[in-house]
Structure formats: structure tokens, C-alpha cells
């Protein structure tokens, strides 16, 4: 059944039109996203861009307002976190201080029912294989053994197949109902937000009117004028307050009407659902799944008893090779405790923490605590590993070492990983794919080099790279780029005449050479020594530019600096949309 599930989709995770609306703000705005299997994908962006909310939607900690979350092609939008087969690592490792490292690692296994079921399934298969070897040695035909295998496979796979069917039907049958229910829950928050916005706007109007009246009173030259101003102020305040109450009543009426409409639509939808064939099929499957596993188990046991009575399970006819096979199979049959201990030790070896299993979290370093948190997350062998800024609590040197280790560990285990960070250096060094986000929207998806070399818009261009990309307003005349009416570079480009935004990174700004390139001058307003070179900020033509300065020269704030810009490193953006414009040299 795992094979069937894996074949259903080549994607480990899919977002389909995901929206998370908190009422007063939209945290995720209609995101579509695909994470391939065995890939490390980083959600990158500034604080408040929606990356942690996106991770929480994947984890099942936040329910989307609309849209679908798919794991391996199956809809898990309504599934709780414990049913999603994933591991979580947060910025704060949340290790239990009163438990040893070993106890922290194994704790999730004792509380996971699906883990127990997996152990039972493995033990059952091992015992089945042993029985088949003995029955074959005692004369059972290949047809009889094939039938026994079929019944065993059916016993294991059929309940899973039914569960997947139920999941798919739940999605298709209740999709519209779920969206209506989500909108219904949002109405009180949206109504409250509208009233708060109205109150803020009204208070602002009152302040403006009072400020103007106060200024007028200060210049009033008679008691009569003062009285007129006060009278007008009183009237205006009365009008503003009356308007506030009217608008507030309108807001309440509007949202009450919306509430009533959605309730009516929801009632109609629920009635319509019950008339569909899919709903009838779903009811039948839900009833059947309670009894079918027991029936399949009985069928298997009944046939096995027939073969056992016919051929017996005595091992006298077994060859040395068959006895050896049975011995190996018996090793697979283990108790829950033994299996958990074995699994935890295997994970500890992979993460190189076997020597600290007996220690408490308080007695190990931050890097070791982070590895313990990862061990606890992967000990259940999740399909997906989610990491929310796991390196933020580490110092700079340990952060670099740990991110290198995480990358190697992820590649060795081939586990699909979603990594959240605001640190572009982390994202560039660790990722197969980067999802750059801003204001709840995906700005660009691609490899680290794609985002750096071909940013989709100005946000991506300035967010990736340190220091950030320089972007200036330029104009195009007959293919020539002009900055403040002067040529920016000597190269011409295939661009229509008009305004254009031009970007270039700090290392594309160099000292002048005798090659005919336009030379610009500016004033150095800051210098930062990075060891291998310096980064300066130069003010030129009213714009501050990041430039690279070589250590071979002495620079001080206030120095006049001359520079040229390399034409091959230019990026072009539309002034209206800020989107990238692909341009060729003439």
C-alpha cells in the first residue's frame, strides 16, 4: 500500500490556493506551492511574510481558510498533526529537562498509536513468512501458499485502501461546506475589524477638527469669533459622532446579512450533500471500515488453520538453509520496548549523540540540544521534517557548523525537509529550492543560484545578497541607458525608450579603467571592513550605492570616490510592476 501511495504523486507536499485569513489581516494570500520528495525547501522572507504560518499549515497547527494541503497526492487539510507523519523542530527545542536525552528521544514513540500499528504489522508479516516456509517444507502447494499470501496482503492493504478512499471522498463531498464554515467563523472577526477601523478613522477626524479649531482660536481677535469657532466645532463633532453611529449600524447590518446568507447557503449545501451518490458511498465505507478488517482477519486465519491442519507446522522437514531463514525472520519479531530502544539507538548513531544519551538537556551544549530535538523529530521516521528557524539560538560559529551538518544529514537520510529562516545566507547554503515570500505571497521559487542571478522582482533582488542590490531610476534613449542624463554603461541594450529601473550588486561597481566606460563620482559616507575586502556606501547623484572597496587602498568617510559599473551584471525591472524585464545586449 505504501507503494501505491508513493506512486499517486511525485510531490511530497502541495499547496493548492491556500489562504489563511485572520479577519484583520491575510497571513497567506492564495499560495500554490510544490515540494518534491527528498528535497530541502527553504521558506525565506522577512518577519511577518507568512513563512511560519505556511509551515504551521503544513503541520496542521493552523487550518487554512480555503485551499487544500496534499501529502503525496492525498488531501490532509482536515487531518490533525499526529496523522500527518511529520517531524517538527522549532527555534526553542522544547526538551523535557527532567528526562535524559534517551528518554526525550523515545517519548514520542510511546504516545504514537500508528507506530504501534507499524510494529504489529512488521511482526505479523515476519510470522506469516515463517509459517509459509514451514508449510512449504511440509508439502503445501504453490497455489495454496499464493492464496495465503493474497489473504495476508488483503488483510493489511484493504483497510488502508478504504481509509484513502474515505479521505478522498471527504474532500470532494465536503469541500464547499468546509469553505462556507471557514467563512462563517471569520465573520465576527471581520465585523470587529471593520468597527475598529471605523473607530480609528473617526478619532483621527475628531483630532483633525479639534487641532484646526485650536489653531483658529489662538488667532481669534474677538469673543464673537471665538464663540463662532466653538459653535462650529461643536456642530462638526456632533456630525462626526452621528456619522460614526450610522456607519457602525451599517457595518453591523451588513455583516448580519452576510451571516444570514452564509447560514442559508450552508444549510442548502448540507441538504444537497445528502442527496449525492458520493455521500452514500462515504457512509457505506465509514460503516464498512469498522467491520471489514475483522472479517479479513477471520478469512486469513480460517484458511491458515486449514493449511495447518492439512500439513502441520512441525519443523522436521526444514533444510539448514530454511532454518537459517526462519532464525533471521524471528529476529524481526520484537516487543514494543525492544523495537523502540533499537530505533532510538539507530537514530542516535546517525546524529552522533550516542555518548550523551544518559545526560540531561541542561548538561549538554546548544548544538547537542539541537541534534537531540532533531532526533526526537525523526525517530518516528516521518515522511516530512519541518524546521522553524532551528539555528536562531546558536552562536555564529556553531550556526555555520550545524547548518552544514543538517544539510549532510538531510542528504544522507533523503528526507523531505521544509526549513524556515529569515537569514538569506542560511537559505542559500542549505537549500535545494528557495521559496522567497513577502506579505503573504510567494515572490519567487527556484534554486539559490536562480534567485540570486535572476531575481523575479525588486523585492527578491534586494532581499537576497549582502549588502543588498543597488537599484536606480534610469531612462532609455536609442538603446542607451541614462542615469541623470549621463550614460550608465557604454553597452547598449534592446529596450524601448522610456523609464526603467536598473539593479546592480556592490561587486559590479569597480574602480575606473581606461576602457571607455562612464565614470561616476561620489562621496564615501560609510566603510565596513570585512577582512578580505571592504564594503562602502557612496552617495552619488542623490542616491546611496553599496560598493566594493579593495584593501590595497586607504579609504575614509568623506573621501571622494570614482567608480564605473560593469554592464554584464545589470538587472532590469519594470518601474510600474517592479517585475524583472529580460533584456539582450544590442
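Residue numbering: from 1, along the chain as shown.
Cβ coordinates come from backbone N, Cα and C, glycine included.
If you check Swiss-Prot, you get these features:
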- 13-464: domain 'ABC transporter' (DOMAIN)
- 45, 46, 47, 48, 49, 50, 51, 52: ATP binding site (BINDING)
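Long-range Cβ neighbours of residue 46 (ATP binding site) (same chain, at least 6 residues apart, Cβ-Cβ under 8 Å): 422, 438, 463. The 10 Å shell around the Cβ of residue 49 (ATP binding site) contains 24 further Cβ atoms across the protein chains shown. Proximity of residue 52 (ATP binding site) to non-local residues of its own chain (separation of 6 or more, Cβ distance below 8 Å) is seen for 388, 389, 420, given in sequence order. By a simple count of nearby Cβ atoms, those within 10 Å, the most crowded of the binding-site residues 45, 50 is 45.
Long-range Cβ proximity for residue 48 (ATP binding site), meaning a same-chain Cβ under 8 A and a gap of 6 or more residues, is found for 439. Neighbouring residues of the recorded ATP site, listed in sequence order and excluding 45, 46, 47, 48, 49, 50, 51, 52, comprise 53, 422, 437, 438 (Cβ within 8 Å of the Cβ centroid).
A sphere of 10 angstroms centred on the C-beta of residue 47 (ATP binding site) encloses 7 other C-beta atoms.
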